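J.: Dropping a structure here in structure tokens format, bear with me for questions.
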Amino acid sequence: MLTDPDTEELVEEGGIMLRPKLADTLEVIRQEGGDALYTGSLSKSLVEDLRDAGSIITEEDMAGYTVKIEEVSVPVPLKDGMNLYSSPLPASGPTVEYILSLLNGILPGEDLATDFVKIVEAFKFGFGQRTKCGDPDFVDVEHVLDLMRDPEHIQQVQEKISNLATSQDPFYYGANFSAAAAHGTGNRVILAPNGDAVVLSSTINLYFGSFVVSPSTGILLNNEMDDFSLPSVNTSQTQTYPPSPANFIRPYKRPLSSMCPVIVLDENRDVRLAVGAAGSEKIITSVVLIAIMNLWYNKTLEEAVNYPRVHHQLYPMSATYEDGLSKDIVDALKRAGHKLQRLTDKLNYGSAATAVAKIDGEITAIDDFRRPGGFAGY
């Protein structure tokens, strides 16, 4: 796919990469619709390609596949009459909602450096609860979701966050298990002329997915199975906590995902902010930070997206921060007891966001400098 057919050498930057098989496939899909891959003219050859690659997927599996469509969960109320909507499990919308609920009302504080200590603590509590989450069709997660929405629990955790000290014990944050590592994603944000908003996140998991291209269709195949936790594999890097049974593989089960598209409505139920991101677990913390900066710290959308980010996902027990984060914030995190790692290479920042904000009728769109992207309007 990445080689010049004439020279059999890798295509250089600026060169033209041809994918005629994929072009033919897209033409068929244009004519037959999406069913072309599942019950149409492309199904049989795609299944044969999958089988040749070692897959156990059958034509019956393809024909029986359906997209699950469900109503979004109850919105999370935020200050100033705003309401936040995100995607339900097994996506990570509930984790974003929980983190913002913990920070709602205690931010902004007296100074930004101290506030970042609270933000990182909220990240850790959020990822602690996330280790218990999985596909609700297979896992009883209602008690976890109820806890994450419980006002009394929220207040208790807010008191812990306000102590401005961190713990190195995952149990302190409600984590009994480690979570599977997530990888890459793509994101689109659309604001329509009538005011409707769509945030679309999709993924093939790793860069180049499974590293297998279907010869007959030109489609790059995903490796979403990697998002499941495995009983024999501990992904925590500390080698202390077992993998989460809530995310073990089951037939027809969906793996836990870091994707968490967010739409925030103002007090008039108009779109105030629409944001999503790519970049494994950093999707969660990036979306939270952008929302916080734009909604609560009066940062423009560009300032909010470009602001140097901090990330903590509980496993490993250390925080990473982007080059350019102020010394005051870094020092405050150190005083709180955090182990820190500075990221100096933008290629390792790991998460890129796309966002649209609307304030007093003025619409702003931004793509993240951390990865190639773009925006357009009319």
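Yeah, the Cβs are placed from backbone N, Cα and C, and that goes for glycine too.
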J.: Figure out which of Ser244, Ser280, Ser286 sits with Thr203, Ile204, Asn205, Asp227, Ser257, Ser258 in the L-glutamate site per TrEMBL.
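T.: L-glutamate site check in TrEMBL: besides Thr203, Ile204, Asn205, Asp227, Ser257, Ser258, the record includes Ser280 out of Ser244, Ser280, Ser286.
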J.: Please state how far apart, in Å and to a whole number, the two most distant Cα atoms are among Thr203, Ile204, Asn205, Asp227, Ser257, Ser258, Ser280, the recorded L-glutamate-binding residues.
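T.: Taking every pair among Thr203, Ile204, Asn205, Asp227, Ser257, Ser258, Ser280, the longest Cα gap is 13 Å.
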J.: Measuring Cα to Cα, how far is Ile204 (L-glutamate binding site) from Thr185 (active site, nucleophile) in Å?
T.: 7
J.: Report, as a single number, how many Cβ atoms besides its own are within 10 Å of the Cβ of Ile204 (L-glutamate binding site).
T.: 18
J.: Reported as an integer number of Å, what is the Cα distance between Thr185 (active site, nucleophile) and Ser258 (L-glutamate binding site)?
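T.: The Cα atom of Thr185 (active site, nucleophile) is 9 Å away from the Cα atom of Ser258 (L-glutamate binding site).
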